[in-house]
Structure formats: C-alpha cells, structure tokens
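Database features, via Swiss-Prot:
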type	residues	note
BINDING	172, 173, 174, 175, 176, 177, 178, 179	ATP binding site
C-alpha cells in the first residue's frame, strides 16, 4: 500500500523530488500540461495543481492523466472545479495513480472521489491507502462455486435469489422503497454474514445522498457514537461534480470494497447508485478528450469501461463482493446502449413495483418481473425451484383473473379459480415483511427469515393447509409460525368485540 500524495501530504514539500510541469491550456474540466522532455507522467497518474487564484485564495486541484499528446504534453481530467486556474501554473506529477484510504477507518464516514472525508468529522487515518486503478482478480484467484447469498428477505431469497459475488440490477422509480431496501440489505449482511457495505453515490442528487446518510444514522446502520461499529462506508460524487469525479467515484468505492474482501476476508455489499451516471460521465469525458462518439453519442470505449469496473466485482477465495446497482433506463428504452451494456453483466434483477407500494406491500418487489440466473434446480435444489415456480404460477393466474374480477366480481369465477385467488392474495401478503431499519416508522420489530423457513411457509400456503386463515394474518410477518399466532390473536380480538 502506498501513501496517497493527494490526501496525506504536508504541502508541496512532499513532492520535492517529483516532476514539475505547467498548465498550457484549460478547456473546462480538461487541462493540457507541459512537462520537461523525458519526464512525462504515466497514463492514470495523479497530477496536483497548487497555487493561488486571482483573489489570492489557495487552489488545490487533483487531475488524472488521460492522454499523452506528444510535444511533451499530457491531457488530464480534473477531479474538482477548475475555477481560478490560469495558464503557466505549476503542476506536480505525484508519480502514482489516485489512492484512497481503506480499511476500518472508512466505516461511518463520507468520502469524495479523492478519498477525502466530506462529513466535517475530522481527518481520516491515511496510513493505509490503495490505488483506484487495479486489474481484476486472475482466473486462479476466483471462487467459481455457485452459491446463494441469503438476504433474509423472503421475496428476494425465494423468487430472485442473489448470487454470492454476483451483480444485481435494482429497478424502481421514485418513492417505491429503494432506499429502505438498500438499508435493510446493509443491516442484514452485517448481522448474518459479519460483512460490511460500501455505498457509491455516482452522479445522483446531493439531497438524496444527505437523506440516505441521515436515515442510516437514524436506523443504526451508521453509529455516530462509535463510528467503528458502523456497517457502511459512503463515497459520493454527486450531480454537481465535474465529469472526471463522477467517472472515477465508482472506482473509489470499489477500491474500499476490495480491501474488505482481499485483506479483511469479509463478504462485502457494494451499492452503486446509479450505474447509468457512471456511463454518462464517461461519455462527457470522452467528448472532452476529442474522441469520436459511438452509437447514440456514447463513448466508443463504453464496453471496455463498464467491463473494467464490473470484472473487479467478484468472489475470490478470500471473500466476495456482491454488488447491487440501481439502473436508470433513459426514456424507458431498454435497448439504449448504457442499460443494454449493464444487463450483460447482471446475474439478477430486482424490480420494484409502484402498484405493490400503493397497496402497502413492502418490500414492493415485483415477484413476476424480478429475475435471477440462480433460480435453477441444480443450483437452488428441486424443493426451492418447485416452490418458486408454483408461487409464480399462482400469482400469474391471479394477475390474469384481475380484469374479470374487476368487471364481474369474484362470484363469477369457478371454484378452482376462487381458491387460486385466495391463495395468491395470501402469498402476496406473505411476501411482505417488517424491516429492521423501518422499525422507527412502523413500530413492528424487524424480521430476518432464513431460506429454509421461507420455503416451508410458501409450501404450506400452496398445499392448502392454511386456507382457513384470514388474509390479514399473512401481512407484515416473518415466518409462517407467526401467521398462525397472528390469526389466533385476530380471532380472539373479534370474539372480544362480539
């Protein structure tokens, strides 16, 4: 591990033996820098511009070398605003790529793309840092066993299970529960797997980043009394940042996650919100560097950039990084090159439905639209596969019958269809679950439901053994035993009212 010259140095003196160049041209966030002959920096090296602007305010801008232009010039992309920079300013070549702090010191803190804390809680120990540019693990290091990553969330584990070390796409509009689902996953991986999480906010709203931080503190995911007990590190490069920062902030978050996997040998959850913004920032940088655009104006290196990020997210013999990536689909066009390139890397999709959220069924995961490559008998076993398929068939039949019910009512259905509808409504409600992180809102204690318990519960509903229980007994409970207990309580309450 190498000390990060951009975040740990006691000033320019730390770079005394480094290459010195000067700014030759400034085009927005792109700088052309001239260096002495024979002293050119490498691609991806971090350059630091230090000096004072026209009103004598200190300037400290870090850039990353993207192109060697010839004539002893390089073209670099700035990681922060270039306001106040002038031609002729001195530029220091740090001789290394951007490096960021890693390890336990990152938990409970918010960082920017450079690994600098931005939460006003003081400096971070930067003795252990890691460069953000690395190659993906070699084939021989990979753990190729197909294993399920149990989340404790019934609808996910049963119908669209996550792969350990896999990549999951999270699709959903505003206000359907993405944030709460993300926080519950962070909470559950810490409790059940002893793992940690890294959240990369890539090109999204600053307000949402702040709301997430506040909600994490409120729900205990971040312990502000003792930060080392927190379960998550946050890395933000929001909408207002230059494209260079938005393009690299995903790599900063990934580097922190890799340390937990490779050195601490933990299971890590890596959230990227939003993977589309990573592509969008790359497109902006590509245009600024003068590359010829490809389809729909995207960068010609789209697949390469996406692949270099996604291939580092994997399981090794030491631990795993399981990634959940929010995917924005521009104009709902799934054939757009950005989401289409993302889909090629995904093992599962979790689709959140506004219709279910409107019914009050949380998590509002759509059981029919969500998919997983893991849902195969040879991976999950015959019992799990059969149960999941029967649940989907029942819900699909209910969906087909809804138009008839809306026009003619339940009474016009056949006896068999009425039974299907009754069981489907129970299944729909049993797919809801009280979350630990939502205790403060709902007043119901959170429930972690193991996969075996989940399968047992749905098998009992499908077998007809619970046909006599009321629908509301299945709503917002953990395992199936709680359903029978709740049904007994409901019956006692109704008897008392009589």
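Backbone N, Cα and C atoms are what each Cβ position is placed from, and that goes for glycine too.
The ATP site is defined by 172, 173, 174, 175, 176, 177, 178, 179, and by the 8 Å test on Cβ atoms against their centroid, the other residues of the chain that qualify are 352, 357, 364.
When the binding-site residues 172, 173 are compared by the number of other CB atoms within 10 angstroms of each CB, 173 has the fewest. Same-chain residues at least 6 positions away in sequence with a Cβ under 8 Å from that of residue 175 (ATP binding site) are, in sequence order, 357. Counted within 10 Å of its Cβ, the other Cβ atoms near residue 179 (ATP binding site) come to 17, all protein chains included.
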